[in-house]
Each structure stands twice: as structure tokens, then as C-alpha cells.
Amino acid sequence: MPAESGKRFKPSKYVPVSAAAIFLVGATTLFFAFTCPGLSLDVSPAVPIYNAIMFLFVLANFSMATFMDPGIFPRAEEDEDKEDDFRAPLYKTVEIKGIQVRMKWCATCRFYRPPRCSHCSVCDNCVEEFDHHCPWVNNCIGRRNYRYFFLFLLSLTAHIMGVFGFGLLYVLCHIEELSGVRTAVTMAVMCVAGLFFIPVAGLTGFHVVLVARGRTTNEQVTGKFRGGVNPFTNGCCNNVSRVLCSSPAPRYLGRPKKEKTIVIRPPFLRPEVSDGQITVKIMDNGIQGELRRTKSKGSLEITESQSADAEPPPPPKPDLSRYTGLRTHLSLATNEDSSLLGKDSPPTPTMYKYRPGYSSSSTSAAMPHSSSAKLSRGDSLKEPTSIADSSRHPSYRSEPSLEPESFRSPTFGKSFHFDPLSSGSRSSSLKSAQGTGFELGQLQSIRSEGTTSTSYKSLANQTRNGSLSYDSLLTPSDSPDFESVQAGPEPDPPLGYTSPFLSARLAQQREAERHPRLLPTGPPHREPSPVRYDNLSRHIVASLQEREKLLRQSPPLAGREEEPGLGDSGIQSTPGSGHAPRTSSSSDDSKRSPLSKTPLGRPAVPRFGKPDGLRGRGLGSPEPGTTAPYLGRSMSYSSQKAPSGVSETEEVALQPLLTPKDEVQLKTTYSKSNGQPKSIGSASPGPGQPPLSSPTRGGVKKVSGVGGTTYEISV
């Protein structure tokens, strides 16, 4: 019965015990109601007392045998003795009083059953000193409840005998009244008692024998000690006294207790925060401190929700009091920038000012699209740069060069100022810079390192249209601070700077306001210097060497003089411009533009040195004889015949650099300002060439730009 808790309810299991209880209680009740009153008057009043005591004793033992734990062994846990479960032998042998007794492995309970223990197939439990499973009490009979079962049998047998005997006595005393109700009920109770007396008396006698011999029903039925010696017997009297008078065996199963429900918070859940003092430890850039702040639960939740959507805070400012070297460096850099920036010059943004720059060397060819490919030029070999000169010619490049000293040219250090006006062709128009001691060989050396001053607006147009040719890969001048050269020590601030955070239109409008203040200057003569082929590809170096051989073999062509109009052609001396003369659009754009389709001719390579008598126009300044106002987008997208002032030997020397991988047929480039050729009077197109641009209507010229854009330029 106690083992049935927690299992499925089976009504059939309670039929025998219910029937036994009904017959026992019902028959005894009838006996006390109809027979005992007459017997108490006729025989003795002790008869009902005796029967009542016996009946209570029967009920007590019946209840104890039914509801008491028979001595169930608890089962092993699932993770206990797994090795024994798989590897254990079927039996183990122990010696009791010199006799070998086997202990069998129980696969259900997962342990070796002790001696005299057996597994009940009905209760599905291993019971200590298992006797049998009695259906009349609906429980196993084991060591702990065998006493009560045995006493139940004895008391029940005695009670049945008493009921039957006292009933027979009542009938004999009232034989004249056999037809009476009392006599009839007494006779019916005697029949029931007589029917139960035979099996109960037989079972009681059987167990008396077993107790006297010290055996169990299971041992007797299975014949374990048949023909042998029982090691568990202690003699008849000892066996009886052990069953009836010994102390009860301990209980192996704990008493069933109600399970308590405990709510356990997982470790990742934050405990509830009550209103109170919260110690907050702050760590800010190495500065530690403890603040005691009063925060409520609501304020913390609001802060959490805000911090989840907010941007991460900016890095803290450095503590200048702790780092004296950094403070000195920042103060010197601030003073230098304040002295370099003129009154009319735009301020350099802070993040741009201290951004590290990388000089273009071998990495320029490897990464032509890198925005860190910058070109810087050193001071002149002939004219030293002073603070006053640098204040008049600021470079707007404050970042240091990270290139090793072995790869630096002694002329590096000053950046080229960018002027979108003079960058009309595919490669930037070459213009000689006054006041800088560059020679032709030095420019070729810079050019051999793969650097060029391609127009920022031109490259922006290429990038916007998504067409980059092989030439643009060799000329990676895509950084915003790739500036053009400011010529000569002029009092006015230079105009080549374009802020990287401004659009091209705003930058051109700002330059248009400063444009008329530039004065024309003339460049000095330069001497050639040897050429470096360090970072060029193998086929370009081979073709360049072949061209130099041809240059040494063929004499320079005579009769080519610079025409006066060439002085204002807007030529700008930029290193690496001989790589590929290119229009401001890509090769695909030049093929699409109807204004740039001319027969293949030799590219116009301007001379780097000009006579001192010829004065070049100031950077981006208008023509000396023109009064047309400056237009923001005055870039030339057409090509023209090369000027006659350019020597053929220089063209031959620069031809190896004009071989793109995408097989773009390079057109002859002619620099133009405001859509008009600079030396249009001296250079006329060939007989088979189409017009340079669309016809001028009423002083307005239409020029096709990138992506099919048409620009109207007043002449």
C-alpha cells in the first residue's frame, strides 16, 4: 500500500482487500447486533466483550499489514554504478554460518539483492526478507510487516472461531425460535465464518510452521533449502520470539514529504535594484575614482535604454599635465598652423590636420586607389624656405611622412597646391613653378616613382562615373590634400587649397573669389637629373630604356621654338605627368565624348624649362588680355594638336609611360583655360581634325563633360 503512492490507480487491485474488509466488518457487525445481546443475557456479559476485543485486534493487524512498509530497498540512481550495471555477474556469493548463499543482481533496482530479499513482481520493488505478496491486504509481506500479518492470521482465525462458536451456542439456546430473525441472522453469520475459517485456518497453520522453522513463504515454495541446512534458523522458540517480540526493522525509504517550490534566479539576470546608495567606480583614461551617487531603479532603467540607442562617446581628451611631450608637440603644432594660415585661407579641419600621411613610393603602384597616396616635395635646392615664405605659401599638410629616409627625395616636404582651373586635360596641365629649384631629372625621378598630380576634380568625376582606366591606376593622386604648386614668393595667399569636407562646387566658388588676385610669374630654368626606375613595372622599364636609347641616338629637332602664346598656356610642372596625358574623364568618357575624338597623334608633352624672359601666368589666374569672369567649371574635355614649342625628343622620352594596359588610344592633349586654347593663335588644327569644341554662339561655348554633361562657358 505505501508503495502505491505516485503510481497509476488500478481498481482491480482493491477488489480482494475490499471484499475481505466487507466480509470481516459486515459479519462481525451482524454478530454484535443480533447474537451478542441474547448471549449476554443467557450465557455471560463477557462474551460480547471478548468478541469486541478480538475484532479490534483483527482490524488493527489488518490495517498494519495493509498500510505498513514491508521493508522496500530504495533503487539505485541512474548514474550510480553504471559499470556494475553492464559488467556485473548474475550472482555473488556470501557465506552465512559456513553456508554459501547467492545474491542475485537485480536489473530493475540495479544492485545485488541481499540474502532472503526478492523482487516483488506486483509492487515492482525489492523487499527485505520477502515472504509473499498478499492480495487480501494488497501489500507485500516482508520483514517489517510480517509480524502484523502473522498476528492478523492468528487473530482472524480466533475471531472466526469465536463468532462461529458463540453463534452455534445462541442457536442451541433458541432452538424453538429457528424461524425468528435473530436466529436466522445468527445462522447466516455462522455460514460466512465457517466458509472463511477453512482457508484462514490453513494459512495460519502454514505460517506457524514457517515461523517455527525460520523460513519464509518464498523460501519454502522455491525450495532453496530443501534437503539442506537453513542458515537463517535459530531454533523454534528463537524464531517465534524473533517474529513476535523483536524490535521492528528500520525503514529504508524516507517518509514522503511535500516538495517545496523554490524560485531560483539564473545567474545572468540582474537582481532588482532598490532605491539607495550605489557606489559607482569610474575609470576614465587611467583616472580612477569612486563616487557615491543615489540612483533609483527607474533612473537606471532609463539610462540603460538610452545607452542602448546612443552613439559611443568620443575618446577623452589627453591629460596635458601628465604628458609634457604631447603638450609641447600640440602647442608647437598649433602655433605653426596659426602662423601658416593666412587671413583669407580656409581653416584646416582638426581631424584632417593631424591625420598621418603616407608618401607615395612603391605602395603607390601597389595600391593606386589608396587615399593615403600623397605627394610631397621638399624645399628648393637653390632657395631655402623661411618661416615668412611658409606663411605666404602654406601647404595645409601638417601630418608627418611615414616613409623611410632612404626612399625620400631631398626635395620632398612641400605639398602641391591644387587648382581645379588648370586641371583641364586627362593629366594635369604642366606649369612651371617659380621659386622652386626643381630640375627636369628630379621631376622624372618623382615621375618614375609612380606619382602624379592628377586633378582632384578630374579624379572625382572618374570616381563618380565608375570608370578608372590603367592610367588612373598608375597616377593615384586621390587624396584631398594633393595640391598644386604655388609659384614664387607672392604676398597674396595661394589658391590651390580645397577643403576635403567641401563639395567641388563650393571649393570652386571660393577659389573664384580669390582668383583675380594672382599675379603672373615666370619659372626659372632647370637642369636635367638622372631618372629612377625603382617602382615601375618590368615592361614599362624595358620600354623606357629603349626610348632612352633612341633619345641618345637621334639628335634633337631644331626649329621648334616656343611661341609667345605658350607662356600663358597654364602649364604646371608636376611630377609624373609624363605617365599618361589624360583628359579629366576616363578613357571610356573620352571615347564617348564627341569633342575629344581626334586622330591619334603624339601627345603634347610640355617642356619643363622655359626662358626667363617668358613669364608664366599665375596659378589659376585669367589670361592677361581677357576680361571674362571666372566660371566655376571651366575644364577642357577636348584635345588639340600639340604646340610646336615642344621638342620631339622629349616626346620620345616620355612615350614609354604612355602605354596603358586597357589599350586606350591617347589623344594629343592641349591645355585650355575657360574652354579656350591658350595658344590658339599659334597652334592650328590639322586638315583632317574635327573642330576642338562646339561652335561659339554669342560668346558662349558648349563643352561636353563627364557622363554627357554639357557646360556652357562664356568666352
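Every residue, even glycine, has its Cβ placed from backbone N, Cα and C.
Here is what Swiss-Prot records for this protein:
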- 104-154: domain 'DHHC' (DOMAIN)
- TYR91: phosphotyrosine (MOD_RES)
- SER247: phosphoserine (MOD_RES)
- THR294: phosphothreonine (MOD_RES)
- SER296: phosphoserine (MOD_RES)
- THR303: phosphothreonine (MOD_RES)
- SER345: phosphoserine (MOD_RES)
- THR348: phosphothreonine (MOD_RES)
- THR350: phosphothreonine (MOD_RES)
- SER380: phosphoserine (MOD_RES)
- SER398: phosphoserine (MOD_RES)
- THR411: phosphothreonine (MOD_RES)
- SER415: phosphoserine (MOD_RES)
- SER425: phosphoserine (MOD_RES)
- SER429: phosphoserine (MOD_RES)
- SER432: phosphoserine (MOD_RES)
- THR436: phosphothreonine (MOD_RES)
- SER529: phosphoserine (MOD_RES)
- SER554: phosphoserine (MOD_RES)
- SER621: phosphoserine (MOD_RES)
- THR659: phosphothreonine (MOD_RES)
- 1-13: topological domain 'Cytoplasmic' (TOPO_DOM)
- 35-52: topological domain 'Extracellular' (TOPO_DOM)
- 74-148: topological domain 'Cytoplasmic' (TOPO_DOM)
- 170-191: topological domain 'Extracellular' (TOPO_DOM)
- 213-715: topological domain 'Cytoplasmic' (TOPO_DOM)
- 14-34: transmembrane segment (TRANSMEM)
- 53-73: transmembrane segment (TRANSMEM)
- 149-169: transmembrane segment (TRANSMEM)
- 192-212: transmembrane segment (TRANSMEM)
Secondary structure at the residue listed as 'phosphotyrosine', reduced by DSSP to three states: strand
Hey, which bits of the same chain come close to the transmembrane segment (14-34), Cβ under 8 Å, at least six residues off its ends? 48, 51-52, 55, 58-59, 62, 66, 135-138, 156, 159, 163, 166-167, 181-182, 185-186, 188-189, 192-193, 196
Give the number of CB atoms, excluding that of the residue listed as 'phosphotyrosine' itself, located within 10 Å of its CB. 10
Who are the chain neighbours of the topological domain 'Extracellular' (35-52) in space, where the CB to CB distance is under 8 Å and they lie at least 6 residues beyond its ends? 28, 159, 162-163, 166-167, 169-170, 173-174, 182, 185-186, 189
Could you round the CA separation between SER247 (phosphoserine) and TYR91 (phosphotyrosine) to a whole angstrom and send it over? 31
According to DSSP, SER247 (phosphoserine) sits in coil
The topological domain 'Extracellular' (170-191): which same-chain residues, six or more beyond its ends, come within Cβ distance under 8 Å? 27, 30-31, 33-35, 38-39, 42-43, 163-164
Could you tell me the mean pLDDT over the topological domain 'Cytoplasmic' (213-715), as a whole number? 52
The domain 'DHHC' (104-154): DSSP-derived helix, strand, coil residue counts: 9 helix, 17 strand, 25 coil
Please report the number of other Cβ atoms within 10 Å of the Cβ of SER247 (phosphoserine). 5
